[in-house]
Amino acid sequence: MSTMHTVPGPQQASTGRVWKWRGIQVFCTAQDQSRPSEQPGWKCLSSVTRQIQDRMGSPVHRVSLGDTWSRQMHPDIESERHMQSFDVERLTNILDGGAQNTALRRKVESIIHSYPEFSRKDDYFMTQNERYKAAMRRAFHIRLTAQRLGWLADGPELGYAYRAISGDVALNIHRVFVKALRSLGTEEQIAKWDPLCKNIQIITTYAQTELGHGTYLQGLETEATYDAATQEFVIHSPTLTATKWWPGDLGRSATHALVQAQLICSGARRGMHAFIVPIRSLQDHTPLPGIIVGDIGPKMDFDQTDNGFLQLNHVRVPRENMLSRFAQVLPDGTYVKLGTAQSNYLPMVVVRVELLLGEILPLLQKACVIAMRYSVIRRQSQLRPSDQEAKVLDYQTQQQKLFPQLAISYAFHFLAVSLLEFFQRSYSAILNRDFSILPELHALSTGMKAMMSDFCTQGAEMCRRACGGHGYSKLSGLPSLVTKVSASCTYEGENTVLYLQVARFLVKNYLQTQMSAGSAQQRSLPPSVAYLTAPVLARCPAQRAADFLCPELYTTAWAHVAARLIKDSVHHLQTLTQSGADQHEAWNQTTVIHLQAAKAHCYYVTVKGFAEALEKLENEPAIQQVLKRLCDLHAIHGILTNSGDFLHDSFLSGAQVDMARTAYLDLLFLIRKDAILLTDAFDFTDQCLNSALGCYDGNVYERLFQWAQRSPTNTQVGNHLAQHVCLKYFQRTHKRNQEWWYGLAGTLSLDYNQQNALLGTW
């Protein structure tokens, strides 16, 4: 063949033809079109597939190019893409924040996928040590690639690169250190340490969690005592439970740690502050004096990450190593406070906001893609006796499992984008010591991290179960998604504790609404809780099922329930305190009610955020319509799941719950035809999904069988262990037992037939 070109985008589609050769799709110019058909192994893609790919962008971006046995698009998944009710490519652009971002992301992903160092094809067959080494290689190759191509540390390219690798890369906490440095450090400290981090002259970690304490920062035991005579801080782990435990990159990699410790100066405890502590030699990587450091051992997942422990025995660091944007210790030991008590929480706010879009949500989105694609390939039973076996996605019960997960993944996306924009608007003001916006930002990031990780964990597990037995195979990609996302329920704050932090924010703002007008203490409510002052609607006005498809109706319904639960939680709290209970004990005795209120508030925020995002799509009527169905489904699914809260004060009647259920079931039917397209819009490459069940072409069974052949156990020496050890053992045991039985038979004076009968019974 004379000329081969990369598969074109839509603008090139008319100048040639797309061909597939041994599973690899290429584009042939007009003068080459006669040649491929003469070569063995070439197949022309169907015209329908061509048209779909032209509308959706380059198929090379999606289809795995490494599977030489790959076939054409599976007809069952191709049929799902025949009749598009909306422009999938345009929806992808919207999710990416613009067509230019989509183009840039795909360019970065194609670069990443072109390097063998970033291949994930053997990940499922690696040992823990092999995965760690592979992750380290990826970490350094991605930085070399960034330097060579001029990608900025704060630019979008690195984020797209990490998405392409699916986070299976080392030194992720090194990036957390940098974010904390930029949030808590002075300009001088940033100027000193940031270049060292950027150039990997040091490898860093963020050491906060301890063996005995986690989310409760005030309980951390590590101490940093200031010695004015030497102008140094003495960092010390006074107890076993003060051992830093869990920080990623600490076990084997880090040379420096940002240690959160209780500051003690002039004999007074000043709370948590962050200190840069060298822990390993830059010459030979051995632990420095006073440092005990290592790996914490096996975990459910994240084998590529060396989570570690750290004990500090009176380790001295210079005064300048305390990050001092919001607090300083002068040479004589004088403590100068420049921020609020919440200032030290800023790094966690930064990390949580970025976790939502970058780490947590993609795990559910991938699970939805895999489960949805598999569900149109898998056929089982018949809807009618004369029909062929039906796609399992045609069953309402399968739709009930998967469509709510798809809906909430879209709801979370738009909310996370909105929160990120809010954070970006607020961040510079906070760095300039304007903390007025911090309480709401903290409450939103805390609540959304808790809700998103909870629902993404439940949703990913539901997707795994929806794939039956194959979903239990690691090759499906689903088990690793489930175990990864379940960790997010704990890291960066345990979810129950986070919900209760949201509850305190809600109680405080509800009490504001009870102050008399004109009171000196009365302040306007933050936007996220403005509904607490809205007029109370005693009854839901819905009269038919279609009424529940009105965003204003279900948003108001969720606001009503959230406000009532907040009011109830405050009432219970005040009742206990008025009866003489200690304030702290009263809080503890009402936390279950506060938790319920916080969860309702968070659900309301997602419903409202999704509905507001739809309003911005007026110029995209087809996309707006299909996304509105998901918004409706998300809101109504929550109402049906928590119907007791809506029935409690008769806001909804039993008949109205039935109406909501009717609307819900109708939505399942309507969403069915767009389900594959809605997951295609997430635009994950096959390499990124790394799933035998979820590849774009739908060739599930061929891929699952072929991937299984790569298992090292199929070629390793010792496969005949069963024959050489087990069978020989049982043969020897059987011989000894025969001798014993014949001896017993002789003792009992049994004849030959009786002996054989006894032995046969045994």
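A Cβ is built for glycine as well, from the same backbone N, Cα and C atoms used for every other residue.
Remark: secondary structure over the domain 'Acyl-coenzyme A oxidase N-terminal' (87-203) totals 87 helix, 0 strand, 30 coil, with classes taken from DSSP. Here TrEMBL flags 87-203 as domain 'Acyl-coenzyme A oxidase N-terminal'.
What TrEMBL records for Thr209, Gly248 is FAD binding site. Taking a C-beta cut-off of under 8 angstroms and a sequence separation of 6 or more, Gly248 (FAD binding site) has the following same-chain neighbours: Asn172, Ile173, Thr205, Phe302, Thr305, Asp306, Asn307, Gly308.
Per-residue confidence over the domain 'Acyl-CoA oxidase C-alpha1' (345-507) averages 94 (mean pLDDT, predicted model). Residues or ranges marked as domain 'Acyl-CoA oxidase C-alpha1' in TrEMBL: 345-507.
According to TrEMBL, the feature active site, proton acceptor maps to Glu492. Glu492 (active site, proton acceptor) falls outside any helix or strand according to DSSP and counts as coil.
Residues or ranges marked as domain 'Acyl-CoA oxidase C-terminal' in TrEMBL: 551-720.
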Under 8 Å by Cβ from Glu492 (active site, proton acceptor), counting only residues of that chain that are 6 or more apart: Met348, Val351, Arg352, Leu355, Lys449
Under 8 Å by Cβ from Thr209 (FAD binding site), counting only residues of that chain that are 6 or more apart: Lys244, Trp245, Trp246, Pro247
Mapped DSSP class for Gly248 (FAD binding site), helix or strand or coil: coil
DSSP-derived class (H/G/I helix, E/B strand, else coil) of Thr209 (FAD binding site): coil
